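Colleague: Structure in structure tokens, see below.
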Amino acid sequence: MYKFRIQGSDKPLSGEVTISGAKNAALPILFASLLAEEPVEVANVPKLRDVDTTMELLKRLGAEVSRNGSVHIDASGVNDFCAPYDLVKTMRASIWALGPLVARFGKGQVSLPGGCAIGARPVDLHIHGLEQLGATIKLEEGYVKAEVDGRLKGAHIVMDKVSVGATITVMCAATLAEGTTVLENAAREPEIVDTANFLNAIGAKVSGMGTDTITIEGVERLGGGYHEVVADRIETGTFLVAAAVSGGKIVCKNTKAHLLEAVLAKLEEAGADVQTGDDWISLDMTGRELKAVNIRTAPHPAFPTDMQAQFTLLNMMAKGSGIITETIFENRFMHIPELQRMGAHAEIEGNTAICGDTDGLSGAQVMATDLRASASLVIAGCIAKGETIVDRIYHIDRGYDKIEDKLTALGANIERVHSDDL
């Protein structure tokens, strides 16, 4: 078991960081490669635990998968249609295997998935969407089993609620359906747009992505192609917050400002000088006062829930107090008690947290509870006085590519150590 050992400092986190490809686009794209009858190449795929698990799952299903810079996938030889518990128990994204399997092969089964413990994220919306396309779904022995006689059939589907995961499932499955599918109340996240762009690159006919109505004209087969994964807007935002709370100056390269406009607006409101270019974003907090801001998470293009923990920390370190309202997931304030162990000030009332006016943080032993919460704890350790030990960092490895190396390049004193060495 590995942990992060961080020696805190009042030194600003400053410099340049290259942003990786987006995990939340890479995973559905890798699963969508199951739709392709010819080889595909996916570039800018981040090196993450969930990506490794997905590649292993694709191999288990019979695909040929290799990584040499880009990820190369040949799914022409897929001969197994079950995503087993031992592979998917740690990763909720595994449900994305179901749509491509039933769409291309007429059958598929996926063990009910695991992942971050941040509240209920049921697969009901995925199941209902596939049923509307004509699939028969059964829940047996911990598995979601889907079958269809012949091809799926295009349908007019209105999502009961906005869901990124279910939008991806239906969109991918509908590419090989007979007829046209219209998906209303669809999620609008950039990662959905990127997944649709990949599907079109291999021969699909998807339009309207990025709006709340996506149209998919079914085709008989999908071939091969090349796609480069979009930049990770959450990693971008995380490093911008790290610079902001430490009074630093940073340039995030290989990223796009339009991916996180709501986050940039809140950083400017907090007092940061934010500049943008075609493929970079800079933030300068030098000599500026950090001000608390009010945040309300909501589906894209509003403020993303995956940046809530980082802005909770920002508010804790800012002048004044800010109100954080979490509307996407319940139970997503688990990082706050850990930050309070370091001396942070916050009050939680239901889905609202009031944070601010913390007079410095002190190093402590803290425990990561989910992916984004762990990022806020790591940043807190960088700016705290004394030593911080962050436990359960396997959470952070699910979503951040070499975070300790990137923070070290910005001036942080952080190392990955085995529990036996502490």
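Heads up, the Cβ atoms here are built off N, Cα and C, so glycines get one too.
What Swiss-Prot records for this protein is below:
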type: BINDING; residues: LYS23, ASN24; note: phosphoenolpyruvate binding site
type: BINDING; residues: ARG92, ARG121, PRO122, VAL123, ASP124, LEU125, LYS161, VAL162, SER163, VAL164, GLY165, ASP306, ILE328; note: UDP-N-acetyl-alpha-D-glucosamine binding site
type: ACT_SITE; residues: CYS116; note: active site, proton donor
type: MOD_RES; residues: CYS116; note: 2-(S-cysteinyl)pyruvic acid O-phosphothioketal
Colleague: Can you tell which of ARG92, LYS161 has the most other C-beta atoms within 10 Å, given these are the binding-site residues?
Modeller: ARG92
Colleague: Go through ASN24, SER163, the listed binding-site residues, and name the one with the sparsest Cβ surroundings, counting other Cβ atoms within 10 Å.
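Modeller: With the binding-site residues ASN24, SER163, fewest surrounding Cβ atoms within 10 Å: SER163.
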Colleague: List the Cα distance (Å, whole number) between PRO122 (UDP-N-acetyl-alpha-D-glucosamine binding site) and ASN24 (phosphoenolpyruvate binding site).
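Modeller: Pair distance, Cα basis, whole Å: 18 Å.
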Colleague: Can you give me the Cα-Cα distance between LYS23 (phosphoenolpyruvate binding site) and ILE328 (UDP-N-acetyl-alpha-D-glucosamine binding site) in Å, rounded to a whole number?
Modeller: 19
Colleague: Including all protein chains shown, what's the count of other C-beta atoms within 10 A of the C-beta of ILE328 (UDP-N-acetyl-alpha-D-glucosamine binding site)?
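Modeller: Step by step: centre on the Cβ of ILE328 (UDP-N-acetyl-alpha-D-glucosamine binding site), count other Cβ atoms within 10 Å, giving 20.
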